[in-house]
């Protein structure tokens, strides 16, 4: 008995039973959503809950412990959201930079033949990856907020630096006087150094010699800029933190909350970054190392010029999702009291009762960022002709 | 044109000895060049500075037994853990009923150990899991078994962590399969629905999802229908597991050659039968190691439920710290809690590595 | 940053949020609602067999389980009084611990029937889906500090770090006080009550701000040495902590109100747990009416005629409840002060039972 080819059947016309099943699934999902939506509408109505985004313009009145953007309780709820997003992005970017740098160190150390380096980094990676990030954050918070001495017995490792259970205090640099002349010298000098460097690079590809004129110009510029600034009357001064009645005041303060989220998230993310980088390096065939050595490149040069560029193609896609994970994990700042977007949304919902709106904004922001990032990643992959798995 | 023979070697290559296995000695490894020597000295100095301090705190100045008073102005307060471990491991479950969570934990431990070797992956084992899960829930609750009823609000510690992990994975798994199939379906509607669900869930922080479940779920259900905190957290965790499992399973589906489906269809198997007997068994078998890794992720994630007021292992540890008779040994408590998580997660990830090794050895014939 | 830049940034933020959140315009649903639901709550509770009460996550004196898991406290007994009124049994109440964030939603969504959980009565809360019944405790917002800091009033606190729990009214009071006296207070904000308290006792903050009643409870139960701490008022505002019910069921609203007023009235009439049986023989028509000897009150509320008798018999009057949980017979030892009957110079006014 002749049968139609199965492949054709599956692409063109599916059997009616299958079709009905699919329609049924879709319909029941739509029904479910409609049911949930009607429940919500009903509940909102019967409980007299106000809906709308008017509250965004009302005064927030609640305090935010610390923020990158200026904030005062007289600002609006809308601005509080922006401030929260600012903190989220701030901590995310800091951790991305730090964990990538440290991840390279740990990842390379793990592959090194030095027994101490590889052993330590293996222990580090396994420990950090197998404990929940929340536990680690609370641990670091306990170390800073309950482990350091109190204000009256501050630890004083360097002049102008105090470590207490209320935070880490550093001097703040103030510049008084005209800033422009020094900056002008700096910009001109660096611009010149950049053009010289471009020229030298071109010359190196042609002649093989590598002059280092650019570096000398940079050094000269720095000296010149400082001299010019000093002669035109720019006076730097350090503002030290001073002990007030309750706390050290002034200077730069890193609160225990900030330190805990920064250290905790960086340590955790470093372990993951290190594994990704190690995976990328491992995937570069051994022959590449050997060939590079054969043409006379040093180990450092091999890593920088031969292996890393190849490993990058394998490292970048998982690193992107790792970066999105960092942003998602930054919401855990809640447990150590650092006010990021999720925390501030929770507070807003509490103060206003506008749960639907708050949750909607929160979801929209996080989805916009993470879906946007993966969309960019897809573009990048298409450009490189890579396939993400 | 030259004859081909010109390129062919006429004589056999002389047999050369295998290159000697260079075994560099410790001295060479530690002090082979300037960089290694510097590293060695640096690490040794750090160790010399840190190790005595840590030892002093953790061992020599530590308080091993006694009450809270002994712990003031001393090193690590291990006595606190000695006094509080039932509270940390089992939360505020009524103390005279604590044999119940202990039995639950032991039952899960036993069935997990039993399921490790490949030869025990049978239908009977699956049924065993089901029996353990259901009877654990009944035993913890107690009303149906005629024991003292304990509301879910009083459950706590390790059983919560285990139950949330196991339940979210077992409930999430079938959904994960459906989503993975939907994502690869030819029907545009199904594909969009699946992709939409997976990407939204994966795009949101789990904390935000728990928060949404805690706040919005009650608003979306009709009057009078309520969920307790545990079920709400479970809903969020299940969504999360389903989306992540779906992506893993999709990897398995993608790894299958198209010929498998075509051959099955050619043999006259229907679509469902093809899926059930040919595609899914192979696809899932191929991704068992990454599935095991997902378990690690979910175990770690259960610790987030502390933000919705559930007493899992971590929050139980935190609440133990409120006793004013003790000087709140935070670091010791978090070390204990972290260690329990570490044992579970490290164990599973090692198992996953071993499995990967073993399974791939079986495939590459 | 200028206002204009801010508006722009908020606009950009909203644009980012718009694709998903942009649906709800600006409208108000509700207003005068609850047409058909009168009596529904009571019927549902009777069918269920117990009352669901929102409870705190452990504020000794107001609501916390004791060693045996039995819930005790002023708020808890306010709820038990309702159970006594409805079922004639104070133990037909179950307590659901809620975080500050969850409590109002839990009430709005019907997870609980009544919320007696040190919740401050404010206009926005009242307008937004719940009805506050009547204050069961008058309170003020306070700072707790170590005595050795030498702080006597708020103005001495310049530059202090203050631990705050988010989602509470004191969070707003904190900002107002700091601004009013230009104190440059440093907020340290946590999402949960335990985290806030631990941070305070761990030395992260100089002060802890919350309701003075809760501070007294924390000091009595969680400080290593309660005498080391002092509580000072944050402002001269009186806050009213009141049990609330959700909109839409006026009968239930009335029941909750009068279950509490029964305790006040009992104190006013000199009826207590010990003499209530004796008082049933009283010839005073007001007492007769109150205890249901002369019928009418119960029927009007949809309860049995002896509901007030049951409350007093099982829980005593307000004074007894106060002393037992937060007053002189408790570890908290909070002065009766504002919470005395109006007759005795306080703010508590029993409403007529006729």
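Including glycine, each Cβ sits where the backbone N, Cα and C put it.
TrEMBL: automatically predicted annotations, no manual curation.
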Of A:111-129, A:130-148, A:149-167, the range TrEMBL labels transmembrane segment: A:130-148
Stretch carrying transmembrane segment according to TrEMBL (options A:217-238, A:283-304): A:217-238
Spatial neighbours of the transmembrane segment (A:179-196) far in sequence, C-beta under 8 Å, 6+ residues away: 213-215, 217-218, 220-222, 224-226, 228-229, 232, 234
Long-range Cβ neighbours of the transmembrane segment (A:217-238) (under 8 Å; 6 or more residues past either end): 160, 171-179, 181-183, 185-186, 188-190, 192-193, 196
Top Cβ-contact partner of the transmembrane segment (A:77-109) among A:20-38, A:130-148, A:258-277, A:359-380 (pairs under 8 Å): A:258-277
Long-range neighbours of the transmembrane segment (A:258-277), counting only residues six or more past its ends (CB under 8 A): 66, 91, 94-96, 98-100, 102-104, 106-108, 110, 121, 124-125, 127-129, 133, 136-137, 139-141, 144-145, 167-168, 311, 315, 318-319, 322, 325-326, 329-330, 332-333, 336, 338
